[in-house]
């Protein structure tokens, strides 16, 4: 008996038809010898009924089934009695009167209910992932993911992109995060590395004249995990030749428009807002600002540079800055509420949180007495402070000011209900710094990666002020999450050499590590650039979830373990011998320590 | 100046238009101050012309460019003079009169010509893969691959399959080929393994109610490589629940029909032929028979069981067999030709090659004198031997007879021109043996894998004659290549336990290694089965190539090295320390030995 229909797709249009269904028993109820089963497949649930008057032998079999039994059933679709219609179920107007049943497999009582919103410890869900995946919300998310990747592919295919697979067994990359390594059996003492991204390969495909490339690519980073990171993750990897930045960004906007329309029915307005990295940091204290609401940071350094408030003046004297956030309407918050804001701010590096309440046209608060009348007037004007407002000040170096006020902005925005949960607000952040200075390594490091092209007008700064250089790099930010990023790439050998030099690599080391790329640039490399979208995170936002693991069929825990398969795990000695390696610690030794 | 058209797409329809092209200089010819450049992009080549009468300053720049320079050019499309039309070029009727040029990048002379059919050592091509990829045949193959995967996806999406990504960092599997291992930094002494296939995960997705799954999945096997193997390879991985074998095979036939039609325009007749494994071995001496031609093996064991030809009779007495191949029309081959066949046969294990020429209705050859008249008549009748034929005999155990005559069949089929190179001949090979006996390990091993379902009617043979058991397993064979294979899976715990028992695993070992699967079978696992297509090999056949590496953008050599990136390679000691491993051999020690 093979399936004729899916459970969740049955409607009143099927009344009178005899259908065969395959699926799982959700629940079974015995009402005085009549058996009702909520019967489930991937598409949803339908009620099937066993009654002595039409089910014959099937009734006795139905009596023995339990939740999660796998059945094939055949019967007629009928209209339910008015009083038994279930308005909460898409198929609630009908039921199926079963005449034939086959038990395909039995089931023990599962360790948790197969239903949405169930409160189960995540580690139990991961150990029994094959049961967790039966829950409708997991199935919907995986279907959404499949659909979304299909839309990515269709769009890119339409635009002439070629899907090219690049190696997973590749070379350890000297810049970037920590690599996963794979010992070679054939070449003793040597290792492959799993790719952190297909960056070099996609650039070489551009050198190879592929012109437009994409790949939905698995990437790997052996980093300590946060809740929004996985050791292996998926990116939609895109690279093109002969294209300028704005043409690429416009094309990617159209991609997002199609994706959001065809998955969740959202109409995204275009063009997306574009903001420089410098402006994003200045106005929102973040390089991934959530622009679903305003609440911009206000620069006050010029006003309070010589203030009697020493906490302001001294910071500015030391090259720092003073900025303010006007928490509209929070002027009535209690001292306890404000203290809590201060505690929160300290997590982001604030040494204290100066504040002012506005009441009857006056500033109130501990620091007011140190401010001159002119300063108060200027601050009032610049912040638009009105009665009932609460001004929060941060005075520190620019990084801490941005971190503190950026975090407070998000917290207060949420608390004031300024954020529309249904809105998808995209913004491009442009012109990232090319380099930053790493205090530990005592050298410049690439903000994006070493292959990012500096802006033409900043090239001369390589020799004079590298930290001032801006990159042709861009991130695409959605509701405060970075969902993608990319850059135009260096395609001339001399500029790549200058970049390696700026990163502290000698010409010999640079050639040793990246010789194939430097060589490639000499054989007719076209101008090129690209972008990569973080698929897991994008799906998370599309699906309205908050946990990256919910978007992945078989995710790993925060300690990089697969609880279902129990991986990683010890291996046989013979396997290690063949790979020419020995353990320097025995399995478990780490854990005991 | 951004591209308005692709080079290879320009036709007489564009005459009079001003176009901007991006691409590479294929060749440059200076004919008395007029410059002709064959200008190339991904789509093909067009001739561009620089002439003092219309090119202005562009001429002087064009004078300096060389092969593989990257240019942007703008000019008018014009009809070529009749006498300069190039019929070998799709764009050969037109040329572009250039008025503007920009050199985007220069190029040194490449180490080999960027053109098809070039005779270059493959290792040089792999080292400079980014140049090799510019050759039109490489570009066409990668585009074909991209298109083919798109067709796979579209078809499977239409059929309700969900694209689900399964982990690359997974668990070492105790059955199967050698694993690539990945040491864990977080869990000292423990290892992930790269998947040989997503087999277990796709089965768990069926347990999880996904019902129809597919993935174009990267797989890994650390085996010694032959020319048609790569350490990482790609398979189109498919699994479904609630489906019987024939429904699945029919669906996959439709998939192949669409794939071959939309890529190479071939119309595949359906249904594909289906043949049991036993018949394939018996008639063609192969489990992946090339059915583009006949030349079937003929069983003679019954005829010569008591023959005076002791070489036949004694083999049969020892449980072996005698079979024959009638090489039609090869009766006139010289003794030297026949000796060469004997040498060839010995590579497949033949201890000798008995033969008979048919001439004037008579058998000629060294063994004829040992055959009785009745035997000769019976052989003649069964083989259809006629004047001019050559009969080749193999007498040995069934494996060697199949190997020898199967190989001779292919060799002679090719030599006689029986094979139509343009034909795509599919066949399903069904009912593989479930188990075989491994003499080294002294135990049964799974022919397909340990999760393959035995045929229902053979289940009782577990306890009596396991080697006689047939599996619900199938291969899809194209022109003598296995391009896919799969099976219906075991979905009941007790049968899986019997299977593990047959493979010599104690209940404790079985649970230790596959407990999560045995447990899963107890929570309502639906009947399921699937298939995987070897994408690399399928693309190779579609593209008419003979080398698997031609279908892969960045392949590895036969010694599993990436010549472009120089991987694998030694890593820093700090990396090994973090992974809690030490080398038991230094890099290079292996090579010197």
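Numbering starts at 1 and runs along the chain as it is shown here.
Every residue gets a Cβ built from N, Cα and C, even glycine.
TrEMBL lists region 'Aspartate' at one of the ranges A:195-198, A:199-202, A:203-206, A:207-210, namely A:199-202. According to TrEMBL, the residue from A:215, A:230 that belongs to the ATP site alongside A:221, A:222, A:223, A:482, A:534, A:535, A:536, A:537 is A:230.
Residue A:448 (L-aspartate binding site) has a Cβ environment of 20 other Cβ atoms inside 10 Å. For the region 'Aspartate' (A:199-202), the number of residues in each DSSP class (helix H, G, I; strand E, B; coil) is 4 helix, 0 strand, 0 coil. Each residue contributes its Cα atom, and for residue A:448 (L-aspartate binding site) and residue A:223 (ATP binding site) those atoms are 17 Å apart. Mapped onto three states, the DSSP output places residue A:221 (L-aspartate binding site) in coil. Note on residue A:221 (L-aspartate binding site): other Cβ atoms within 10 Å of its Cβ, all shown chains, come to 19.
Non-local neighbourhood of residue A:537 (ATP binding site): A:228, A:481, A:482, A:483, A:548, each in the same chain, at least six residues away, with C-beta under 8 Å from its C-beta. Following the DSSP three-state reduction, the secondary structure of residue A:489 (L-aspartate binding site) is strand. Comparing residue A:535 (ATP binding site) with residue A:489 (L-aspartate binding site), their Cα atoms are 22 Å apart once rounded.
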